[in-house]
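For reference, the structure is listed below as structure tokens.
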Amino acid sequence: MTNVCPNPPTSWALLFDGPVSFVVILVGIIGNLYSLKQLFSRSINTSMLVSLTGLAILDIIMLGAGMWHHSWWATMQYFGFRDEPWDMHMAYTNAVMECGHITSTWMLIEVTAERFFAVTRPFHFAPVHRKQRRKSYARVVGGLIRIPLMMTLVGCLICIPCTVEYDLAPCVYKGIASEQMLETALMQNKWYKMLYRTIFLSIVKTFGPFVIITLLTISTLKSMRKSMDSRASILIAQGQNHLFQADKDKTKSLQAISVMLLGKFLFLRCLPTAMATIQMVFQMMIPFSNTPNFLPTYLNHFFLLFNSATNSFVFVVVKSAFETRRLKRIRQRHRQLVAQHAEQVLCIGKALAGDKLLLMSEVEFENQSSEEDTTLEMQPMMPATSASTSNPV
């Protein structure tokens, strides 16, 4: 039995699945590679380095799978290099794209957890780190990459059903035979779509991680604010206002990055998944009617790719920009403090010099007064002396 081809993609679908997604993927891969270069050119905690490196690598894998899954072929058809935006590689890379999606999200949880422990328990793992310094670097890194490897393995096991969801099969559209990417019998099963695709995967890769990341972020900000408030009272009492302002800038940068990450995850991940879930519920409740399309598939793919393209950028590049700005303000306050101290020293020197001049003038005045008194005492005796010397003549 010959399959009936679905309606051909619209120009907007080809535009977003093709050139727009291709540009986002290319810029995202370059941005992740630049983030890796920045990570290895700085002095950073080893566990955080491994987590951020794993996040960047998994995002690169997912972006590459997305390019080979639909972006490359849609781009070629959009510019007229191919007749159809389909290829057998799309079926092969579907599971890779889903696995990269899941594992990159879990790595995002690990990075958030590392930030949480760095703020709330900065000295909790200090003895362990001192012991690890005696070990070889390879053994230390090998122990730290176990969690990313386990995440990747579990993600691959979860995505095994995704390998048989699509297939390139012959079909007919308005009497014209062609080959297109069609859903397999497994993907057409409504219970599979509802239980696995809609409920299980939505919890595993979107809503569950969002709840965990939100709780960790809120706890991190609360702990950071509490620690900075305690430190602020000490610094203000000691008159260290420049250090107090530096701590305020650090807290603001942490809050800005956290809000940016949560807002990005909420808009680019949770919103499309929620709309797809609502649409699936409508299809289950009203199977024989035209259900509304809350969010087109090409926009869902675009949001997913844009989120993966900007994860490491926010954690590394944007954070580096905030840190550079904070250090610039610290140096500016330090220069102002040095200028104030120099002005105070100059004022004290002028005051001391003025006191010395006044003291010298008083001494000179006293010496001059004593000399005048001595002169007045000696003046009456001079005539008598001259008379006595003139008598013998």
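Just so you know, glycine gets a Cβ as well, placed from its N, Cα and C.
Whatever TrEMBL says is automated annotation, not expert-curated.
Per TrEMBL, these features apply:
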type	residues	note
TRANSMEM	12-36	transmembrane segment
DOMAIN	31-315	domain 'G-protein coupled receptors family 1 profile'
TRANSMEM	48-69	transmembrane segment
TRANSMEM	140-160	transmembrane segment
TRANSMEM	199-221	transmembrane segment
TRANSMEM	266-286	transmembrane segment
TRANSMEM	298-322	transmembrane segment
REGION	368-393	region 'Disordered'
Remote residues contacting the transmembrane segment (199-221) - C-beta distance under 8 A, at least 6 residues beyond either end: 98, 101-102, 105-106, 108-109, 112-113, 115-116, 119-120, 158, 254-255, 258, 261-262, 265-266, 269-270, 273, 276-277
Winner by Cβ pairs under 8 Å against the transmembrane segment (12-36), considering only 48-69, 266-286, 298-322: 298-322
